[in-house]
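So that you can see what the record holds, here are the features copied from Swiss-Prot:
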DOMAIN    7-117  domain 'MTTase N-terminal'
BINDING   16, 52, 81  [4Fe-4S] cluster 1 binding site
DOMAIN    134-371  domain 'Radical SAM core'
BINDING   148, 152, 155  [4Fe-4S] cluster 2 binding site
DOMAIN    374-440  domain 'TRAM'
């Protein structure tokens with residue numbers, strides 16, 4: 001008897017790396033049940049759109065993706081952050097099959113089952129232990145918790161994803177171990193608030209291999225560093241205990257890289273943001289961090305044009321950047337977000353002023369980045385290869401996260417492979433990227 005064709009699903013994943021991990025988990029479950037992935041909407045039986053709802057611009061992108069799926073297919077399931085407040089989706093597209101919020105994996109699967117029942121195939125390949133990944137094979141995002149306990153005035157993430165819920169340390173480490181066994185060379189540790197990991201569990205111990213490991217930021221980072229892959233820490237809130245992890249970086253256990261969204265430098269703006277406001281103390285910490293680990297690369301994000309931001313406060317931000325010498329920077333022009341407390345603040349900044357300040361911030365950062373990268377000319381850097389061609393390759397140093405940071409462009413006298421780790425001599429630098437030659441050949 002001929003086997004019925006497997007039902008096909010097209011998948012759209014929008015938003016941050018945390019949402020990408022949610023997409024990977026849904027796809028892994030669906031593939032385990034026999035569903036196949038289609039490359040195009042019109043070749044699928046159904047479309048799933050994992051939305052982003054953090055900013056109004058992200059909501060518009062999500063609505064556009066839903067509209068495209070409706071036009072090309074007509075059978076659409078919506079999930080993700082925007083689904084937590086479904087009214088806007090329902091108003092625009094009343095005929096979508098289902099709308100669910102973030103992390104509601106079972107609800108998504110139930111919606112798929114209702115619209116497109118699975119066909120059992122006893123000859124299906126078993127799922128790989130690491131699950132289905134949407135990233136290239138050599139790196140993977142490792143999500144260690146959901147939600148956030150902070151209440152920044154501009155942010156609605158706690159409303160969308162709830163309070164902090166950490167995974168047991170052993171569970172995280174088992175997943176990381178499977179990823180490394182499958183060939184992953186770089187683990188990108190992500191969450192809404194990575195350095196708060198384990199607070200909700202009261203740092204409870206769990207058994208991994210032959211020992212107990214505490215659900216604590218430092219302990220988890222140390223154990224991840226023992227697996228033999230690059231470990232990159234992202235979305236770190238600047239709590240005092242972050243200082244402890246710098247020692248691990250100095251020893252080479254985890255990458256000398258910290259992604260800390262400082263958001264601003266003027267204490268008055270930070271107070272309105274409901275963020276830590278003692279940036280003078282932060283400068284002293286950054287100095288100590290670099291004394292302990294001279295190779296430390298700092299990435300951060302900042303918001304310009306926050307309600308009430310004066311010219312003096314913006315000037316404080318520029319001056320602080322010069323002193324802190326942030327290596328990598330992302331900047332956002334403040335957007336009111338439905339449900340955010342900052343919407344009620346007085347003195348909203350005109351759009352043209354936000355643009356001027358954004359331009360000035362990025363111009364200042366370009367000079368800082370160029371200055372810091374120039375210091376690497378003549379040094380040797382370890383590089384992971386992301387793209388390879390017949391005469392060279394594009395990769396990243398330990399100071400560069402995928403998708404958001406710079407690149408290292410390499411020439412080589414031998415073919416290079418994606419995922420390969422090589423040592424490169426840096427020949428020159430520009431504002432954001434390095435250029436070099438693979439050493440030893």
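Backbone N, Cα and C atoms are what each Cβ position is placed from, and that goes for glycine too.
Other residues of the chain with a Cβ within 8 Å of the Cβ centroid of 16, 52, 81, the [4Fe-4S] cluster 1 site, are 14, 15, 18, 19, 51, 53, 54, 58, 80, 82, 102. Each residue in 150, 151, 154, 156, 157, 158, 192 lies on the same chain as 148, 152, 155 and has a C-beta within 8 Å of the C-beta centroid of that [4Fe-4S] cluster 2 site, without being one of the site residues. Candidate binding-site residues: 81, 152. Fewest other C-beta atoms within 10 angstroms, 152. For residue 148 ([4Fe-4S] cluster 2 binding site), the count of additional Cβ atoms within 10 Å of its Cβ stands at 22 [all protein chains shown].
Summed and averaged per residue, pLDDT over the domain 'TRAM' (374-440) gives 92. Residues of the domain 'TRAM' (374-440) grouped by DSSP class, helix first, strand second and coil last, total 1 helix, 33 strand, 33 coil.
If you take the Cα of residue 81 ([4Fe-4S] cluster 1 binding site) and the Cα of residue 148 ([4Fe-4S] cluster 2 binding site), they are about 14 angstrom apart, rounded to a whole number. The Cβ of residue 155 ([4Fe-4S] cluster 2 binding site) lies under 8 Å from the Cβ of 54, 148, 337, 340, each of these being in the same chain and 6 or more residues away along the sequence. Looking only at other Cβ atoms within 10 Å, the busiest spot among the binding-site residues 16, 52 turns out to be 52. Taking the C-alpha positions, the distance from residue 152 ([4Fe-4S] cluster 2 binding site) to residue 52 ([4Fe-4S] cluster 1 binding site) comes to 18 Å.
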